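Novice: Have a look at the structure that comes next, please.
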Amino acid sequence: MSTPVVTKPAPDAATVARPTVGQRLTAFMPVIALVVLLAALTVADPSFLTQSSLTAVVRTAAPLVVLAAGATLVVLCGGIDLSIAALCSLGTVLFAMWLPDLGGLTLLAVVAATGAIGALQGLAHVFLRIPSFIVTLGGMSIFGAVALVISDAGPIRVVDREATHWLTLYLAGVLPMAFVVALLVVAVVWTVQRFTPLDSWIRATGYSESAARLASAPVDRVKVAAFTVSGACAGLAAVMLVSRNFSGSPTMADNLLLPAVAAIVVGGTAITGGHGSLWRSLAGALVVTLLRVGLPIVGVPSAYEQILYGAIIVAAVALTLDRSKLLIIK
Amino acid sequence: MSFRDTGPLIALVVIVGIFAALSPGFRTLSNAQNIMDAAAVLAVVTCGVTFVLMMGSIDLSTPGIMGASAITVALLVANNRNDNELGLLGVALAILVAAGLGCLSGLALVLLKVPSFMTTLGVSAVGLGVATLLFAGVQPNISDGTLSGWAVDRFLGLSTLTWIAVACVLVGWMVQRYTRLGRYAFAIGGAEEVLALSGVNVKPYKVAVFTMAGAFYGLGGVMVTSQLGAGLVQAGRGYDFSAITAAVVGGTLLAGGRGGVLHSTVGVLLVTVLTNGLVLVGVSPYWQGGVQGLIVVAAVAAAVIPQRRRNQVTK
Amino acid sequence: TEEAAGDDTGDAGAATESCDPSEVTLVGQVRNESNPYEASWLDGGDAFAEQVGLSQERLTYDGDSTRQQEQISQLLAGDTDCLVMNVLPNGDSDTPPIVEGAEEAGAFLVTQWNKPADLAVTDYDSWLSHITYDGVDSGKQIGDALAEAIGGSGGIIALQGILDTGAAKDRFAGLEESLAGNPDVELLDDQTANFSRAEALDVTKTLLTKHGEDVKGIWAANDDMALGALEALEQAGRTDVAVVGIDAVPDALTAIEDGTMTATVSSDGPWQGGIGLAIGYCVATGELAVEDIAAEDRAWYAEQFLIEQENVGDFVAPETSESDFACDNLFSRSQGAIS
Amino acid sequence: MNMQIEPEQRATAPVTALEVRGLVKHYPGVKALDGVDLVVRQHEVVGLAGENGAGKSTLLKALVGLVRPDDGEIWVRGEKVRLRSVVDAADHGIGMVFQEQSLVPNLTVAENIVLGSEGLGVRRGVYRWDAMRRLAQEQLDKIGSRIDPLARTDTLTFADRQMVEIAKVLRIEERTSHPPVIILDEPTSVLESKEIDALFTQVRRLREFASVVFVSHRLDEVLDVCDRVAVLRGGQSVGELPTADAAPDQLHRMMIGSTGSDDHYHGAAVEPPAEPREPRLVVRGLCGRTFRDVDLDVHAGEIVGIVGVHGSGREDVCRALFGAEPTTAGEVTLDGEELDLSGTRAACAAGVGYVPAERKTEGMVGPMSVADNMTLTKQEARCSGPLVRPRKQAKLVDTWIQRLSIRTPHRGTPIQRLSGGNQQKVVLARWLVSGDVRLLLLDHPTRGLDIGARSEVYRLMRELASSGVATVLLADSLEEAIGMSDRIVVMNDGRATTEVDAPVGDKPTPLDLVKEMV
Ligand SMILES: Nc1ncnc2c1ncn2[C@@H]1O[C@H](COP(=O)(O)OP(=O)(O)OP(=O)(O)O)[C@@H](O)[C@H]1O
Ligand SMILES: Nc1ncnc2c1ncn2[C@@H]1O[C@H](COP(=O)(O)OP(=O)(O)OP(=O)(O)O)[C@@H](O)[C@H]1O
Ligand SMILES: [Mg+2]
Ligand SMILES: [Mg+2]
């Protein structure tokens, strides 16, 4: 194809619009929120800010980080995955059941299985055109039932702890392995997303699905992939929980759903899709974990703890959300 | 009427037909009453959530608001914890507290510009905290005759609670159809930016919708208290997702601008019939949740089949 | 990588270098304070703490297993030398990680209610004792009481607790034992109402429509569900159905007094809240050595009573006395080791 | 009511309705307005002309209080005002019909018309549907429209919705005792010629009792309907032109600041496609939701225009060929191979490109950068292997920004900050970056483009055609269709009814086509 000849002069040298200080700051808001919260907790109870205490926090946060990271992809595509927690519970049961037979391969098997289940939900969403909210809400109750039935409605002990022992180790004596794995998940997914066209596709899908489709972006495949990764992350989080609890149980992770979604939103990712990132969810998950464990430990009574929790997550989102990317807040 | 509107109704009829065929117990009049009674609280709560969904927002504050209003009402009417005996005034005050909490979600949404998903999640936690504070370790049991009577007294075969729910649905429908608040809520879901271009300040309406929703949840909390004879902090547990499910199953769009109170009520009946029918048919308790999830997905899938092949966006 | 070095682990023999009584930290952890039974448990803990001039740190985890683990691990990351924990694990599967964590950190731990059967307390040094009520026995006792109340024959329905908890399973097993002994009592239906009053109301209403007049009695795995069933009966206008539950919550006792409910089984919240801390406190301060606790007192059934109308008066206001928590009287309520 | 103003009164010295002095508005990296002056007198239709991005919309938005100017003054009837909101502007008698339609789709026509100032239609928050319908009917009567006030707005045609908007904006009359100023920002860009005629009738009627500010990129229209045209260039006022004896060329020269070329449509003759060759695109008996038995041949290097009125189904045929609309029957081959119509991916892989008409919602992803929008389709153009190479992308994008003279501060600027015309260029560029498109489906590709940008698009289309691309064009106007196409297919009620050859030098007249269309 020959080059079109254009007679008009090129526009004046394009001036680069540099981000203002304010814009730069919004990008770091999740981290700022995290630091402020940590400072506040330290003021409330100076003994909270110890190395062992921080180690415990990140160890605790690891499964939540992984869960939130996976679901972030779905949220970025404009959907939501409400099944992550139930799928994670199912994952713990599967892990505990398969470990005696599969040994070292169990981790891969569980991640593959939950990934496949996630993909199935993605396919149902894409091909049946059911809103992701409904597909995954249905998935939530179905996985709950399956987990209940196959586990015979009870926890399954994991006797062979060797398989998950490595997750309970510490890197350099302070960094829990589980958290390292969580960081790795975030880093790998972020890198893949960042350096391939995926980033464009995901954001285009999230901001404007029909435009993305008409630009022949692989919208359906991207969505299914997002659900698959979300499912796989639920599986990985399940293994982390098993390594911590030495058992699998059909309801083990059910209560992590709202914290995980909260982590995503607290990180500043737009719940309507398009804008956000995985590392924001990482910071968000740490904030949520600090609130969950920090408030009671520094001695806030349980009733006030809930009130504070409610107020602080709202305040955190008020801080972290980059509103310049969102025209309307729903 | 499009298939989108009638689809859930057809699904309801089909499911009722199937259960009626499978279970003789389902076919009885007393079971019909039972279903209506069981649907009452969910119907009231769903009324509230429908207006929020219609705007394209979401509301997860139900458990907290219902818990707070349940405890409040239990402590204000005749009870075993204190000497209050405010009767219906107590009910009104509890609903006022609930509306206040709802207002809080709305204010946080429009003033702090935090998405409703988060503000309502936060308000739910605040509500539960307030409820726990008021609970103070001792279960408040109500001895107020009127309130306890709501669950027991029947008129034309239906309990007072059911009639309250019917009234709420009617009021909800009128608000949606005949008031500026309802129509604007609908319009906000359709095209919020256009309202701004037309010189409408949408903020007060958003706050008002959340406040109204809060009032509905508050009434729901009062109704649970009347049913259980005691104020429970957990009075609203699970109502967040079940109300949203009911609304969506009934054809109210999560993205807003579509559906309404009547749609949602069909959804409520559908969900309630399912719960009731599965027990009567004798599905194992282990499987009930799963079967219910499957049917909900199937029902929504069936409802969207007619428009499935359009190049339409599903989120 | 290497093993955790982060914790300033007191070694397992912490008991030998005993703590100054004023340095002991007392922690009580239950699901939530919005449940009268568990609130009374924490109050019992407070009462004990006051008795020894300390205060109790009240933790609640809202019935959320992960949150419980998170709190425990955060707690154990702090100063654990003289830490005493009286914990209600959310489920059987939550006990092992708590125990392992406490063992590693050298914190004194007493658990109640939930423990996997094959986890032996004697294998640990920091896990001082596990206390529970015999669920099979209580399920059977109220089953028998129910059978008697309906005159030895007729249909009953059962409301199960949260299906994957040991308590729910044991209690239901007890009902099955009771049914075996009362061949004329027929179990018409069993459904779960998740230990919840509201769910029990709905399920009972549905089951009443399903079985109608055939229902002569309702067996509920706890009092909350029994109270929900009572509401359902009232709304259905049925007064001929006997209801039994477990836990002896105040409302159930009132109902038994009134005669609307048949029986329940006591579990003494305030005592449970105090005794766990007391055992830990006695070991921490060196008044009791772990080695001196008899094997049968490491995992034991606490005394429980069937409460019916004739003896309900004795239980309306459960009280704990200082003597209950004296270091030489800790195991007086034992009904024997958990088999 | 101002309807009764006597003609004599109008003939006397015209009163200034609105005056703008030295208006300035900065956006990050752009000076959208840079000291604009404008005078609008009563009972006058003032045209506003300027290239894409000249600042027309920004100026108008400032007049209705949606944009807060950084500097400058706005005077209404001799009084200096500060407009903070749409309501403020309405109180001063200024109302606007926006460039993108702005009605709430799920409300009734009546509600939309009274939205924001329901007056008697709502009493104490309660709707009185009767009163509301009457209010709306009054407005609709004013412009002689027969739309049912209780119809849901999203069931109306585009043209009807435009009428509703005008009816709506006329309500500001009730807020002031003075003749209102009605602003129309590109109202014709989405209308058919018949509808445009109707609109112009309305505009002339409006002049009787109001002032009108009118923006369009179709210069003949501007000259036709306006009394006077003000020209903006780069955010500055560059002059005025009485329309009485002006020609489009003259106006165009003012807009671009130099003597521009005025070959709008066919420039240089293009060799006619070699007939004996097999057509590149062969469509036989294609059926879908809104069209039946469509046959269509397009040769390589040929531009085929499809014309038809609203609802003729031509848009859906295009979408179907791109796999974005289901088909029920028919065969489609591209270069002899069967074309997979199952989805947009397959079509794109086969070398089909599509530029949708609805730029805002379907053409572009607003918050994403110009660069990302441009490379959204042909990712391989900026990747090596699976990896994105930011440098490669930057180079590629910058080249195309230059080639198409896209006015953007930077390739990283979100596309939604660009003016409409520049957005469209980015969307077009999307299909050009890899150079492997064989069939290009263009749905109103020049909608909202200024005359310069338009002739660039035309040139681009020509270039593409001569390099062998087969093009299907749904033109913005009949003239455009005739000028650009080698052959024209007329669609009527879902069927392709007639085919007219349109070789250079032997073009059919618009009238010929209109006869076939209805
Ligand atoms: N919200 C905004 N943020 C940043 N820049 C903007 C914004 N709106 C407009 N601009 C810039 O201001 C300039 C003027 O835009 P405007 O929309 O007024 O042009 P226009 O004359 O209406 O063009 P068109 O004919 O394409 O509609 C453009 O360069 C545009 O990129
Ligand atoms: N999503 C839809 N649902 C129902 N009917 C539709 C839909 N989209 C289009 N139609 C109808 O299908 C018919 C064909 O519409 P289409 O937009 O293809 O016409 P067109 O000839 O392309 O018009 P234009 O001149 O604006 O390009 C119209 O009657 C239109 O109202
Ligand atoms: Mg413009
Ligand atoms: Mg069209």
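Backbone N, Cα and C atoms are what each Cβ position is placed from, and that goes for glycine too.
Please treat TrEMBL annotations as automatic predictions, because they have not gone through curation.
As listed in TrEMBL for this protein:
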TRANSMEM  B:6-23  transmembrane segment
TRANSMEM  B:35-54  transmembrane segment
TRANSMEM  B:60-79  transmembrane segment
TRANSMEM  B:86-111  transmembrane segment
TRANSMEM  B:117-135  transmembrane segment
TRANSMEM  B:155-175  transmembrane segment
TRANSMEM  B:207-226  transmembrane segment
TRANSMEM  B:238-255  transmembrane segment
TRANSMEM  B:262-280  transmembrane segment
TRANSMEM  B:286-305  transmembrane segment
Novice: Given the transmembrane segment (B:155-175), which of the listed stretches B:6-23, B:86-111, B:117-135, B:238-255, B:262-280 has the most Cβ pairs that are under 8 Å apart from it?
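Specialist: Stretch with maximum Cβ contacts: B:262-280.
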Novice: Give me the stretch from B:60-79, B:86-111, B:117-135, B:238-255, B:262-280 with the greatest number of Cβ pairs under 8 Å to the transmembrane segment (B:6-23).
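Specialist: The stretch with the most contacts is B:262-280.
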Novice: Under 8 angstroms, Cβ to Cβ: which one of B:60-79, B:86-111, B:117-135, B:262-280 has the largest number of such pairs with the transmembrane segment (B:238-255)?
Specialist: B:262-280
Novice: Which one, B:60-79, B:117-135, B:262-280, has the most C-beta pairs under 8 Å toward the transmembrane segment (B:86-111)?
Specialist: B:60-79
Novice: Quick test of the contact rule: Cβ under 8 Å, at least six residues beyond the ends. What residues does that give for the transmembrane segment (B:262-280)?
Specialist: 5, 8-9, 11-12, 15-16, 18-19, 22-23, 25-26, 31, 34-35, 38-39, 42-43, 46-47, 49-50, 169, 173, 242, 245-252, 288, 291-292, 295-296, 299
